[in-house]
Structures are given as structure tokens and as C-alpha cells.
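Contents: one structure, followed by commentary.
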Amino acid sequence: VLSAADKAHVKAFWTKIGGHAGEYGGEALERTFLSFPTTKTYFPHFDLSPGSAQVKAHGKKVGDALTLAVGHLDDLPGALSDLSDLHAHKLRVDPVNFKLLGHCVLVTLALHHPDAFTPAVHASLDKFITTVSTVLTSKYR
């Protein structure tokens, strides 16, 4: 459960991202594909080469979803319900992949904002991304 301090850290950090959430999402997705090649199996129709327009476009969706989640920290299940349905029932993404992508999101954020990525912020962002992953996989059960 995200504490008030966690929510404050996440919101404050997200303001530093500005309009780069989509760009960072694309970078995190590319990093996921490179670091965890088995994640590519869900994208057989994509050009997965570095800098691919398809990876960038899907990464923007990831960034936009995280931005949506930041705006609804008190109701993540409600805000992410449609995405949860999509990933559980239509796309059938293995839940472990959310953890892998979440790790790559954290790495990407830390690389772009090292001064703001303090241990406390890191812990809060990790809890946030874990909570988002839990919500997205909640309809698998």
C-alpha cells in the first residue's frame, strides 16, 4: 500500500518527467526487450530493432498509462481497469513481464534523473510500479 509519503514522492518525481513519459516508456520497453528477450514473444508483429517506431509508439502507451496511474493514486484499480482487462483477457501477457518492464522503467528513470532519484524516491517509485503491476494482473485470477 502506498503511504502518503510514497504518493508525495511519486507525484513530485513525475513532475520532473514532464512531457517525457512516452519517450521514457519507449526506452524502458526497448531496454526490456534487450535485457529479457523472452518478452519479445508478445510482439511478433513489431519491428523490435533499436529506435523502432512501433516500440516507441507502444512505449508511449506505457508512459501514458503510468501518467494516468500517477493521477489516480487513490484509485488505481478503477483507473487501470480497462488495461487490466486488456492484458489479462485479450493479450494474455504473462504477469512476470510486468515486473521485468517495471524494473526497466526504474532504471530508465534513474538514468534520466539521477539527482532526484534518491533512495526514498526509489523505494516509493518501486512500490508504485509494483502496485500498478499488481492491479494490471489482478484480473488474471
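All residue numbers here begin at 1 and follow the chain in the order shown.
Any Cβ shown, glycine's included, is placed from N, Cα and C.
Feature list (source: Swiss-Prot):
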type	residues	note
DOMAIN	1-141	domain 'Globin'
MOD_RES	Ser3	phosphoserine
MOD_RES	Lys7	N6-succinyllysine
MOD_RES	Lys11	N6-succinyllysine
MOD_RES	Lys16	N6-succinyllysine
MOD_RES	Lys16	N6-acetyllysine
MOD_RES	Tyr24	phosphotyrosine
MOD_RES	Lys40	N6-succinyllysine
MOD_RES	Ser49	phosphoserine
BINDING	His58	O2 binding site
BINDING	His87	heme b binding site
MOD_RES	Ser124	phosphoserine
MOD_RES	Thr134	phosphothreonine
MOD_RES	Thr137	phosphothreonine
MOD_RES	Ser138	phosphoserine
Ser124 (phosphoserine): tally of other CB atoms within 10 A of its CB: 22
Pairwise Cα distance for His58 (O2 binding site)/Ser138 (phosphoserine) [Å, integer]: 22
Inter-residue Cα distance where the pair is Ser3 (phosphoserine) and Thr137 (phosphothreonine), in Å: 21
Euclidean distance between Cα atoms of Ser124 (phosphoserine) and Thr134 (phosphothreonine), Å: 15
Spatial separation of Ser124 (phosphoserine) from Ser3 (phosphoserine) - C-alpha basis, Å: 9
DSSP three-state assignment (helix, strand or coil) for Lys16 (N6-succinyllysine): helix
Ser138 (phosphoserine) and Lys40 (N6-succinyllysine), Cα-Cα, nearest whole angstrom: 23
Nonlocal residues around the residue listed as 'heme b binding site', in sequence order (Cβ under 8 Å, 6 or more apart): Val93, Leu136, Thr137
Candidates Ser49, Thr137: member of the modified residues with the richest Cβ shell (10 Å): Thr137
Between Ser138 (phosphoserine) and Lys7 (N6-succinyllysine): CA-CA distance (Å): 21
Between Lys16 (N6-succinyllysine) and the residue listed as 'phosphotyrosine': CA-CA distance (Å): 12
Residues in the domain 'Globin' (1-141) grouped by DSSP into helix, strand and remaining coil: 109 helix, 0 strand, 32 coil
CB contacts for His58 (O2 binding site) [other CB atoms within 10 A, all chains]: 18
